[in-house]
Amino acid sequence: MLKILVPTIMLIPLTWYSKKQWVWINPTAHSFLISIASLTLLYHSTDLGYSYSSSFYMDSLSGPLLVLSCWLLPLMMIASQNHLMKEPLNRKKTFLTTLIILQTSLIMAFSSSELIMFYIMFEATLIPTLIIITRWGNQNERLNAGLYFLFYTLTGSLPLLVALLYLHSKIGTLHILTLIMNPKPMELSMPNSILWYACTVAFMVKMPMYGLHLWLPKAHVEAPIAGSMVLAAILLKLGGYGIMRITILTQPITAHVYYPFIVLSLWGMIMTSSICLRQTDLKSLIAYSSVSHMGLVIVAALMQSTLSFMGATALMIAHGLTSSMLFCLANTNYERIHSRTMILARGLQLILPLMCTWWLLASLANLALPPTINLLGELAVIISSFSWSHFSIILLGANTVITALYSLHMLITSQRGKFTHHLYPMKPSFTREHILMMLHMIPLLIISMNPKFILGITY
């Protein structure tokens, strides 16, 4: 594990000692090498995963998320270059350092074997993200968005800390491997049910579940491109990862208390998908689509079957790459027309035809077109939900249709139609942007061709 962690930490001195002309090239190139080295973590040798030391542990659930975290760091650096072009050198270096600290926290969160260490790293991701949103956001509303993000996350996380400390006093350890081997299940009682709610509410806020989602559109819309990418691609997945870890340990209570969460998530998917249909702001539309997709992951994580866990993992990885790519495309539009309003960007297909191709691919991946991994994940969740309750197929079917509608609405509104003449002169698309889109799309296609890379032994 240290082969990933130590080089990532060493990117900080590399950034500060780099000369002006190398300040982007050095960290980006080295972080890309780290991401390639992290691909070895996708090798799954055993059922239970493997423990690197008493502190680090990895299995077929945390491995793909770790690799996704490492893969996105160089992409965030590539995407942010234009946004920070006019900033002084020291501020560029501070920005890169904040990204690297965030990356380190994420790696340690996904690989921690102790639940208290996981909690500390889960909270540690909050500070760099808050700095990125409130310091490098575009509008003045970024301070309000940061406040929402801070208070929602902190309020949700406090019950989790209390619950973990109580669990530790009862069991004597919070080591994941020891807890998995613990033969004594939790008794079905009111205090234990409250304990379950306390454990899961922090992750429901992070996902976010419908009703606790108000911070997400604000944070996404006001964050700079790197902030939007890391929020959509990795930070939301911390919630899904936490639910899947905690609910296994609190059996058999989950099977008795998950009904309101599943019903609210299924209903929330329909509601947020419908909200997407009437959005005019491009980033806001992508943010609400994230809430809709994460509702599906919550449903899958609470089902507790092998198939639903497989679907949740596939959906998290697929959504991480797809939504990050959509935010990058929205950013390329914003850098040219200086507006997030979709109707003002119409007709861009005539001027930037290759960028329109990336828009088409990203939109099709978002609506889960065969044979993408998005479809595999959604099918796995739909099958396991149908076996849980036949009525769920109505809501899941409606959600699939609405997702296709808003994805095509986003594509047609922003790319087709009559070109607006107020957009002259328009900058051409750059090689940097095409490389960025390729690095999102290639992993998605490779995983779609061979899902065993991320699903491991469960597939």
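Glycine is no exception: its Cβ is also placed from the backbone N, Cα and C atoms.
As recorded in Swiss-Prot:
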type     : residues : note
TRANSMEM : 22-42    : transmembrane segment
TRANSMEM : 60-80    : transmembrane segment
TRANSMEM : 95-112   : transmembrane segment
TRANSMEM : 114-134  : transmembrane segment
TRANSMEM : 147-167  : transmembrane segment
TRANSMEM : 224-244  : transmembrane segment
TRANSMEM : 257-277  : transmembrane segment
TRANSMEM : 284-303  : transmembrane segment
TRANSMEM : 308-330  : transmembrane segment
TRANSMEM : 350-370  : transmembrane segment
TRANSMEM : 375-395  : transmembrane segment
TRANSMEM : 435-455  : transmembrane segment
Under 8 Å Cβ-Cβ from the transmembrane segment (224-244), and at least six residues away from its ends along the same chain, one finds 61-62, 65, 68-69, 72, 75-77, 79-80, 83, 95, 99, 102, 106, 109-110, 118, 122, 125, 129, 132-133, 136-138, 200, 202-208, 216, 283, 286-287, 290, 294, 297-298, 301-302, 309, 312, 316, 319-321, 323-324, 327-328, 331
Six or more residues out from either end of the transmembrane segment (114-134), which same-chain residues have a Cβ under 8 Å from its Cβ atoms? 55, 95, 98-99, 101-102, 105-106, 108, 142-143, 145-146, 149-150, 153-154, 157, 160-161, 164, 167-168, 174-176, 179, 202, 206, 219, 222-224, 226-227, 230-231, 235, 238, 242, 245-246
Quickly jot the same-chain residues contacting the transmembrane segment (375-395) by Cβ under 8 Å, restricted to those at least six beyond its ends, or write none. 262, 266-267, 269-270, 296-297, 299-300, 303, 305, 307-308, 310-316, 318, 368-369, 448, 451
For the transmembrane segment (60-80) and the transmembrane segment (147-167), check the count of CB pairs under 8 Å (sequence separation 6 or more) and say whether it reaches 3 or more. no
What residues in the same chain, six or more past the boundaries of the transmembrane segment (22-42), come closer than 8 Å to it by Cβ-Cβ distance? 3-4, 7-8, 11, 14-15, 58, 63-64, 66-67, 70-71, 73-74, 77-78, 81, 89, 92-93, 96, 100, 103, 453-454, 456
Do any residues, 6 or more residues outside the transmembrane segment (435-455), come within under 8 Å Cβ-to-Cβ of it, and if so which ones? 42, 60, 63-64, 71, 74-75, 78-79, 310, 313-314, 317-318, 321-322, 324-325, 328-329, 358, 361-362, 365, 371-373, 376
Which sequence positions outside the transmembrane segment (147-167), separated from its termini by at least 6 residues, show Cβ-Cβ distances below 8 Å to it? 115-116, 119, 122-123, 126, 129-130, 133, 174, 195, 197-199, 201-206, 208, 212, 214-215, 218-219
Cβ under 8 Å, sequence separation of at least 6 from the ends of the transmembrane segment (308-330): give me the contacting residues as numbers and ranges. 60-61, 64-65, 68, 72, 75, 79, 220, 225, 228-229, 232-234, 236-237, 240-241, 244, 282-283, 286, 289-290, 293-294, 296-297, 299-301, 340, 355, 358-359, 362-363, 365-366, 372-374, 376-381, 383-385, 433, 436-437, 440-441, 443-444, 447, 451, 454-455, 458-459
